[in-house]
Amino acid sequence: MPLSVEEREKFLAGPHVAAVAVEAGGGRGPVNVPVWYVYRPGGEVVLVTGRASRKAQLIADAGRFTLLVDQTSPTYRYVSVEGELVSLETATEELAREIAVRYLPTEAAVDAHLERIMADPEAVVAIRMRPRHWHSADLGRAS
């Protein structure tokens, strides 16, 4: 059964590891890779990655991508959003920290992660997507 707007936005805002899918071109299937991200209901999906990464380059070329989050224990549910690229710009350490604290267990782990990825700040980009198309379901909910 589909999630309500409020349910799907709340679920997407949770600290799930997401899968990003983006057109790969050349007659190949899409690239589909795990990412950390942040989302606030009604806002944009934001992820941080290497500027030279294949996913960043493909997203820039395609101008859009899909993000999927799911819950793999009862009750099974998922939210998939697809939308256009709003911006791809140099990431700030503040944004990288906001995302990292959602996934890493300690401040020391967050600091170590940021020291590694922000060693060359110009090499890290923030990718922003405005969700346009939503697909969601709670597979354990009766119709």
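Every residue gets a Cβ built from N, Cα and C, even glycine.
Copied over from TrEMBL, here are the features:
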type   : residues : note
DOMAIN : 6-134    : domain 'Pyridoxamine 5'-phosphate oxidase N-terminal'
Exercise. What average pLDDT does the predicted model assign to the domain 'Pyridoxamine 5'-phosphate oxidase N-terminal' (6-134)?
Worked result: 97
Seminar exercise, completed: What DSSP reports for the domain 'Pyridoxamine 5'-phosphate oxidase N-terminal' (6-134) is 39 helix, 52 strand, 38 coil
